Every structure is written in structure tokens, then in C-alpha cells.
Amino acid sequence: MLLSTRNDIRLVEVSPLGVSKTNTIIIDNFTGIAAVDFIYADSSVFWTDIELKTIKRAWLNGSEDIRNVISTDLESPDGLATDWLGKKLYWVDSEKKRIEVSELDGRSRLVLFWYNLDMPRAIALDPQRGYMFWSDVGETPKIERAGMDGSGRLVLIYRDIFWPNGLTIDYEDSRIYWIDARLNYIGSCNYEGNEIFSYRKKKRILHPSALTFFNRTWFWTDWMTRSVHSLTEWSNFEVVFKSVHEPMDIHVYCGERQSKGLHEIPCNLNNGGCSHLCLLSPMSPYFKCACPTGVKMRDDNKTCADDVEEFLLVSTRRSIRMISLHTPDYSQLILPLKDLVHVIAIDYDPVESRIYWTDSESNSISTSHLNGTGQNVVIGSEIKDPDGMAVDWIGRNLYWTDTGYDTIQVSRLNGSFRTVLIDTGLDEPRVIRVDPLSGLMFWTDWGKNPKIERANMDGSSRIVLVESSLGWPNGLSIDREEKNIYWADAKKDKLEVATFDGRRRRENLYWTDWQWRHVSRINKQTQISSIIAEQIPDIMGVKAVNIRENTGTNECAMDNFGCSHLCLVRQHSFPRCACPNGFELDSEGKICLEEKATLFLTNGNGFNKMNLGVNSRRLISVPKETKNVLVFDIHIGENRIYWIDAADKNILRSFINDTVVEHVVKNGLDYPEDIALDWLSSNVYWTDLGTRRIEVVRCDGSSRKVLLWKNLGYVTTLTVDPNTGQLYVLDELDKSRAALDGSGRKILLQNLQRAYGLTIDYSDGRLYWANSGRCIESSDIEVRIANSLDINISGNNRTCVVEEDIGHPTSITMYGDNLVWIDWQKQTIEQAEKRTGCNRTVLQTGMGTMMDVFAHYSQKQLGQNACQYNNGGCSHLCLPLPSGDQSNTTHKCACPTHYILNEDNISCSAPSSYLLFSQKIQINRLVLPTNATQDEISDTIITTLPIVGLKSIRALSYDPVDRNIYVIDRKTKSINRFNDSEIQLFNYLCLICKHHSFIMVIYFFLNQSFLNILFLICLLYKIFQN
């Protein structure tokens, strides 16, 4: 006997008296095995697993490994049967309410029955006569019969039946037997449902699961007794096998149970002439050709179409399903795709037969063939919340909306040559559709003023089509023949239609309800609606596909219209060639060349960039999570941008082409004003008007040090020269310089009035700055070695480069031989030759309030210094010293504030004694010299410890043994612990719940990774108490 339990499958040898002799486990280490069957001719075993939701196959001789036969679109495969003559596999799924068939390897899967099924349980086949039988334990229990080709369905038993769990066949007498787990009996009838009789012994049949028959003996498994029982000649009852953990299915395993047919099997000769499935039938010619679910049969009734031609693609959060429109069952096939988290939009490319989808959780756009092969991410970076997406199957382009950055973007279908089409006037763009035949694209916007818009597919000629009486317009679809657009309004619960120009708007008073989880259809002429599919959890997008209808052509279809990268079609005009970010069109408007330079700028709310080439001046948004950008600098080698957030008083960084933001300095800033990068040493310098300091930190935020604080005015601008080791600053009236370690500070120029935008021309060795309302000035940098080894830099050859029509320049950047500046008062971006001020050009007007500007090009940040490699050998900070020093000292190792440089002049040690004191949200440290005078105390640096998350410090204390700092936070009602040397946060989280006369304190000791979860638990607990 072949016996399955939840955990294993075993062969049990039974004696002539019906008692177990041997017991051999052949398949184990599973937890959800249900039904089992076999093919005796090749020693293979099939079984279903209701936990893994698969059907598997193995060979008793161990000739091959275990294989997955069916691994998708299964829920509860409770019954299984093999057609050993026609070489087919049949199964029932009680959850999906279906009976299916496939080849033994899982190919050509077909749904035979999907209607009038409630909970199909057991299934049995008689391939010799072409019949199949199954039991149903649903609300109307019954046993049914049909041909194995799905023909001639007939209910055999429907009275005196409740839980017909087990079903088997006596092939010799053409009778079926079933066993009822509720009424506790074995029943029998012939193939027509007549000659019914039963064996009823309640004490012997308690809760049977499965039944098999051989040589006048019935065998069954029983869940209650955890045994296998037998009954011979209706009288001799035996316990065959005891102590079986969750016995499930059972079969007599021998060749006599799978004998040859009564006549020649037509499917064994050239597959009956069928292109796909050859199914046995009880009627002459005893077979029938069939096609996989959704595939159409040709007129010869033998050949199936190459693939599904008309179908729906339906997305749920974690799956994409295909529903064929060729077959009446509308069976859903879950596509074998991986790593789906929250699918939103889907579209289809009929040229390469690929699907595309957006995922709002992984922030990506992916593609795959329908069979799951070739799955890959197309767009996976610089994308925040992808929502709508559309395929241009002619131009081979991909369009999508990003509701996080409020943009519409386009790329090639493989994700290359990406560029932003529209980044203004969008509030919450959602669905997008394209019509490459007319050159138009349409999209919906869910913002404060909902609307539906239209533009050419290059983003030009943008107009609003519909903007009144809209709530949440989505589900946008295009009728290319009638030149209509259809949309669903999820807020107003209605479907509407309008022409391509937004006219003749009409309402259809029909809608779908997400609560019912179904897909509906409505005829656009008759307005007759019907439900296509029901009970689809987390239903999202839908796409109707007819692979033969998406035809047509346009100019982009022929050699991409000569465009080297993107060809974007337009209505009533020739296509426009477009370039990805970082490229620009040549003078012919066809070929994309790498941009010579890119201008980055900020208006305080975010970043924009503009090509400094001769052909394009369009501003493009740079996606970033920003609040109030004051100033910024760029590390070209790292491809990172660093900036000051004036709102949160932080210094942050991010890769230019990424959205992930990292903190460099998160606390201890008062009014940070300007920032400058030493791109060779990987250090960040900044000035703070509140603390009147200039500080430095590694680019990763480590080793923070105060450089200058004595006698320092309100420094508004600073810049660095990593090659010469110099730091230049502008305060209210003076221009000064110092070494990058803060030493040797000198006043270079005085009485500058209000000066802004200090920058260095590294190639000519000159400084440039702007005097508000006067001119943009320049002076030489002269380096002279004195006997004292001090380096004197004075401003010689001072001159006004640009004098006329100056408003209020606030920031200047160098671009080759040109100056580029932003004028706050005139709201312009301008450019002029750096030496003479000639060839002055206005690059952009109407810019509003701009804060900072930076010209990005490959030759800008060159050179070398001693800190460039291996951090100069320093353990913390490496600060380059001015070039030309006669001592040949090229750099200096430095320590974070309050740390002490050791005798090796390389490594640092923490201070041994200091004073800690708290303010509301920060803890400060002060190191006092021994026997310090009042002047020395006044000059002592106060530094803020890098501890974040504190809201309202009430008290602090210190443990000198383990060097832990303890803090009471009154607002979060917590006691926090920090290690003074490592500054790692641990929490004793105290949730104080006051209730009448007692206080409950719950203590948690946790790692920081669980902090958010514990806060949520505490919040829910507090809500419950309230």
C-alpha cells in the first residue's frame, strides 16, 4: 500500500490476513502532504502539498530528484489522480473550487470544471472506460461523474451523504466506493448511480480520510484512530497499521490496479493528432483534443493557437494574474513572478510579449515574460513612488508617473536613456496612458485640484482636458478607434468618458467596488455589465490585451527617426529626439552628446539641474528628500551632494542619482551658514553664525573638530583649496585665509561691504566674490614664503570683473573660463567670461529666490595632496597644510574636539576628565585645563555629543566605571543610557501608566533595531488604557 501522512509517504507491505509486515518511508521531511497517487509503469509517485501549495513527483528507484509539477495558482489541492494510460494528471482544489488536468510534467494545464463546485475533495479515474469521479463535501454534498475530457457531467449520489472524504473504484465490476466521515459508512453504486448499498459500523468507522480497494478488500485511513483499517468481504475487519501521525491518502500499489485498457489508447499514437492535450473519453473515438486554459482551439479541433490572444492582466498587491477572454470559465492564472511587494500599474508590450509593472513598496519598475522568464528591474533608482506606467510599443519607450517627486518620466523599455518630461504643475500624478498612433499621452492627477491632462508624448502642448466634478480619477483607458478616453472616479463611484479633446463628457452609472474584490465588464455601446472574476484579494490595476490589435506605426518605428537615444512622437508634427540626463542634442537635433557641464542649484525647497551646453536650458528636478536647503557643495569623485538643512539644522548628503539621504552632522548646530568640501581629503568644512565657529568633519560624519572660534565674526562664506591646503572665509567686512588645520589665520582684504559667494579659480589662482549692489570682484592669490615660515597670501590685482546691471548676486561658481552666478534680486542665472566679464549671457530668468549654485564638470576637482590616500596615515582627521612650507610638512593629523593627539602624532585618545551638562535636547561636553584662568575658561570649546532623539532632558548622571551616561527624558517618559566612548544607545523604556492610586512601570531592555516596534506597542497600550 502507498500511504501518505502529513509528514511523509511510505510503502506498507500487507500480509494476506490484512496485517502490516513492513513499513518503508520513501518521502519525508514535509509538513503538508495530502493526496497521493502513482504511475506503476515508471515507479513514480505524485503528491499534493497544501502548505507549499504544490504538486510534486518523485521516483521510487531514486533515478531522479523530486520535481515540482505544479507550483503556481494552487490553494488547497485536496485530491489527486493519475491517468496511467493517457499519461495525464488530474486534481481538485477545494479552495479555488476547480478540477484541473495537465500533462504529467505540468505542461498544458486546463481547468475542466469551475462551476457548481463547492468543496471538491476526492477524485478517482477509470482510464480504461474514460470516466472520472469526484466527491464534494460542500453545502450540497454529492458524488459526480464525467468523461475525462470534461463531457457528460452527471450527479450520481446526492442523498444520504455528508462528508464523502474517500473515493475509490472497483475496475472489474465497474463500481465506485466512497467512505463518509460524518455518517460513518462505506457506500457503493455502479457507474450510473444505481444499485446502491452500504456498510455501516459506527464503532469501526470513526473519521475516515481516504479509501482504496483491492481483491474484495477495502482499506481506509482514519484520523481519529490514527490507523489504517481493512474490511474483507464486508465482514472481516482488521487494523492494518497503528500509530500513524495524521494519516491522509492511501492506494494499493500494484500493477493489477493499473492494467492496460479495454481497447487501443488513441492518445498513445501521435498524441491522437492533438497539438497539446489528448484527453480520454467514454464516447467514440474515445479521446478529445483540448487546449490549455485560455488558449483557443483552431477550426480543425486538434490544433491550439500559439498562445492566449485576448486576456486581462490583473494586479494585486503581491501577484499579477492573467484571465483569458477566450474561455467561459475566466480562470485566473497567477504568473510565476518573484519579489512582488505592492504592485500598482501594469502594461503589456505586444512586440516582445512582455509585461511591465510598478511596485510602490520596492520603488521600482520591472518586466518579465508571461511565463516568468527574463524577469528584471528596469528602473530601480531615483524613483520614490511609481504609480502609473505605460508602454509605447512602437517607439519602444516606457512612460511613468512618480507621485513622490511629482514628475512624468520616460526611458527606453530597458530603462536606458532616462529623462524627465514634466516636473512642474503636477500635484499627485497617477495613471498614465499613451497613444503612439496619435502622438498623445494622457494622465490623471489626484491633487488638491483633481484633473485629467493631455500632452504630446514629448511633454509639449500640454492642456487640461477635465478639471470639474472630479474626485479621485483613476483607471484611465484609451479607445483609439473612437478617440475617447475612459476613467473611473473612485471617490464619486462612477465611470465616465470624454473625447480626446475633453468634450462630450458622459457618465455611465456603473462602478466596481473594491470591497467586493471583483473585476467587472461593461459594454461601451449597450452599457450591459457583467462580473468577470470574483474574490481577488487586494485588487489593484487591470489591463486588457489583444496581441493582434496593438499594431500601427509612426515615424519612430523606422530607425528610431534617426535619433541616437529617445524618439518621442508628437501629434500633427514630426517626432522630437530627446536625450537622457547628462546628455544634450547636437546642433542637428538628432544625436545626443555627453554634457560638457551641469549646473546644480537650489531654491531652498530642493535641487534642480540645468545643462550648460548651447542647446538646452531646461531646468530638471533632482529627486531628494529635502526641507530647507540653504547651501550645498558637490563631491564630484563620490558623485555625492552635501547640503545644509536650515530647518532641521543638519548637514546631509546623498548620491546625486539616488534618493537615500544620510546625516553627516545631526546635532550641535545653531545657525549653519555655508559649507565647503575638501574633495581630496574627504573632509567637510562649515561655518556657524550662532556659535561663531568654523568646524570640520570627515565626509562620513566622524571625527568632528572645531577649527576656528576665537575672535571670529559672522562668517557668511567659506571655500577651500585642497591642493594648497588653504581655507578662505568672508565675514561681514573682511576676507581672510587660514591653513586647513585652522592655523596661520591672516586678514587679506578689509572693508568689503557686504560680500557673498566666495569661490576659487584653481586654474588661474584667483579668488572671486560679489559685493552686493556693486560688482563681482576678483583678486590674485599670491603665496610668499617669509623667514618665519609663515605663508602670506595677499589680494593683489584686485578688480571688478562684472559691474553693470548688478542686483544682488548671492552665489558664484566657476565653469571653465566662465563665471556663473545667481542674482537674488533679478531672479536670474547669468554667465560671463571670468577674466573680462565679456560675453555676458542670461541663462534663465524668473527663477524666484535662488540660494546656491554649483557647476559640475569632470575637470573641476583635480589635483592631489598628502591626505588623499589612506587618510595620510591618520587615525581620525588628516588636514593638509599649505604647499611651499620649508619644513616639508605636508599634512597634520588631528583629533575630534577634546580628544588628545598621542605622541605618535597619528592616533588620538579620549579625554580623561571633563564636564557634562545638558540643554533641552542635547548633552554638551567641556574640557577644563588644570588651574585654568578665567580667560582660559572663556576660550574653552564646548562641543555637543552626537546623541539624537532626546526631546526634553530632565536630568543626567554618569557611571565612571563603564563610562555610561544616563539621561531622563521627560517628554518620552524614558531613561536612556549612552556609552561615552561608543555613543551607542540602549534603552530602559519606561511606560508609566497612571490609574487612580498606582503607577505601573513596564521596563524593556532592547536593542535599537527594535525601538520603533516597542514604541508602537507602548502607544497601543496607552491608547488601550485611555
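Using the three backbone atoms N, Cα and C, a Cβ is placed for every residue, glycine included.
Taken from TrEMBL, the feature repeat 'LDL-receptor class B' applies to 43-86, 87-129, 130-173, 353-395, 396-438, 439-482, 639-681, 682-724. Annotated domain 'EGF-like' per TrEMBL: 266-305, 555-593, 866-909, in sequence order. According to TrEMBL, the transmembrane segment annotation covers 998-1021.
For the repeat 'LDL-receptor class B' (353-395), the list of distant contacts is 307, 313, 315, 320, 322, 335-347, 401-405, 411, 413-415, 418, 429-434, 436-437, 441, 443-444, 457, 476, 541, 547, 550, 552-554, 556-557, 560, 567-569, 575, 623, 657-659: same-chain residues at least six beyond its ends, Cβ to Cβ under 8 Å. Mean pLDDT for the domain 'EGF-like' (866-909) in this predicted model: 89.
Sequence-distant contacts of the repeat 'LDL-receptor class B' (87-129), counting only residues of its own chain at least 6 positions beyond either end whose CB sits under 8 Å from a CB of the stretch, comprise 35, 39, 44, 46, 48, 55, 57, 67-71, 73-81, 135-140, 146, 148, 150, 153, 164-169, 171, 174, 176, 178, 191, 210, 259-262, 265, 267, 276-277, 279-280, 282, 290-293, 327, 329, 331.
Across the repeat 'LDL-receptor class B' (439-482), DSSP assigns 0 helix, 23 strand, 21 coil.
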